[in-house]
Structures are given as C-alpha cells and as structure tokens.
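The structure appears right after this line, and notes come after that.
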Amino acid sequence: MVLSSDLLRDDKQLDLFFASLDVKKRYLLALSGGSDSLFLFYLLKERGVSFTAVHIDHGWRSTSAQEAKELEELCAREGVPFVLYTLTAEEQGDKDLENQARKKRYAFLYESYRQLDAGGIFLAHHANDQAETVLKRLLESAHLTNLKAMAERSYVEDVLLLRPLLHIPKSSLKEALDARGISYLQDPSNEDERYLRARMRKKLFPWLEEVFGKNITFPLLTLGEESAELSEYLEKQAQPFFSAATHQDSQGELPCPDCLIQQAFLCKWVMKKFFNNAGIAVSRHFLQMVYDHLSRSSCATLRMRNKIVIIKPGVVVID
C-alpha cells in the first residue's frame, strides 16, 4: 500500500526528517491501529525504514483482542515484525486509568527498545496533539519556555523518541487513509469526556474556533515553536551567570550583577534554574519577592520549606 500524495511529496519537513535518519538501524513503532499510527506505519514502509510494530492491548474493549489479532495479520502481510503486550487487570489498576495506561505503555516500549537495541521509537503524535498540549500548558500557567511539550526528536533517559508527524493535522492523516480505502480503529476513549483531552478535543477547540472564527491549531503550534526557541535563547543568555554560581550539596550562591538585575525576565529565569538545581521548586510569587529585594538592593531572609534563602545586594544564597 502506497500513501504518496501531494501532502507527502511536497512535505519538505518530512523529507528533512527522513534524510537525517540512520536507515541502517531498526526502529520500533507504537502501533495502536488508529488513523495516526496506521498512517505512520505505511509512511515508514514507503520511506524504506526497517521497524518492528509494538501493540499494547489494554483490554478496555471486548473487541481489543480481535483488533490486536488483525494488526498482527496486517504486519504479517506487510512483512513487519510484530510484538504484542497484553495488560493484566492487576497492571491496569482502578484509578486514573488514562495516566496508568500511558505509564505502562511507555514502560513496555522502553523495555522493548533496550532489549531489541532499537534505533528509536516512532510515535504518531500529530499537530492536533501538539496544539492541545500547548493550550493545556498555557491554561495551567506554565512558564513561557515550557509550552511546547513534544519535539521531533527527544530523549527520555537513553531512549530516542521520534515524532515526524507533529506538523501534520489529524484530518490530513485520515484523508490520506480514507482516499486509499485503508480502514483504521476508532478508539471510543478518544471520545470519552471523562478524560480532559477528549473534552478539549470535542468541546473546547470547536468552541474556541467558532467564537474566534479561525483555526487555532496552527497559531498554537507557532506559539509552541517560539516557546522552544525562547528556551534555547535564554539558556545561552544565562550561561555566563550560571557559570558564576556555586553549588555544594543543597547549598549555593548566585551572584546577580546589575546587568542581570536590569533584565527582569532573564533574572527571574536564571534564579528559577538556580533554585531547581538545588532541588527547590519555587513559585512565581517567591521569585518575584526575591527579585524585588535584588532590584531594591535590600537584604532579606526568606524561609523555603527546610531551606533559608538569604538575599543581599547583588547575591542570592541558599543555606
């Protein structure tokens, strides 16, 4: 089955992604059987990527065992190795099913990655997934540098995660499959409004687009990209100040010269990283208090859980 279309032939981002891929390695594909992962399945075949398909059967539906069998048969027809992992009732638990399932799913993928010495794990996250994450983080008041959750290439410990579809909307993936008569699974949990993602997908995004009168997915993607660029920029700007900081166990000292204090956003970002490196999670309110003392060249002693933060003109000390 070939998926070549105007979308894929003209997609320079996909071309760049696969041009940089080490084709001598064998990869893993997380294959749910939904439109997203099935599209990626055929795309990897078309691009000549060697991979093993990994399917996790959560046992949530009476049809899940049959669906797993059909995916195994598909892989056999296409000459793709297939690995099935079926969760037991004990493994699934009875609370926070969505999060528990995700943890089990990734744990098995990471274990398979190491056992098979794979080159990476392909995941079929797409533009809508990314936009949902950006909006969720924005509404949760995440820092401006932390809005983008997923990258085309990222590492979790020693595991390489590959997401080549982040710039492509789900509708385009489904259209490509529908145009070729390729059937895919419809997961009812994607429509189950007990889950936040489903509520965002079914209610929040359509409502915002109706009220706003425009598609909001790609503006959110742009915001996520700029968030990642801002993070990279701040890392470079902050490096001289980090280099001057000292850490010993959970204590530390951060010099804050006037040139840093005069840049409020950068100064608070540097301080946040400084506290994080000492194992201290700080709120925006706390950072603002510390910054206010620095900007006024005033002294203060603040308690933060079991730590004492001492502020003097031009320096912050963790004791």
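Each Cβ is built from the backbone N, Cα and C atoms, and glycine gets one as well.
What Swiss-Prot says about this one:
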type: BINDING; residues: Ser32, Gly33, Gly34, Ser35, Asp36, Ser37; note: ATP binding site
For Ser37 (ATP binding site): intrachain residues, at least 6 apart, with Cβ closer than 8 Å: Leu29, Ala30, Leu31, Ala124
For Asp36 (ATP binding site), the number of other Cβ atoms found within 10 Å of its own Cβ: 23
Listed binding-site residues (Gly33, Gly34), ranked by Cβ neighbours within 10 Å, top entry: Gly33
Gly34 (ATP binding site): secondary structure state under DSSP, collapsed to three categories: strand
Sparsest-packed of the listed binding-site residues (Ser32, Ser35) - C-beta count within 10 angstroms: Ser32
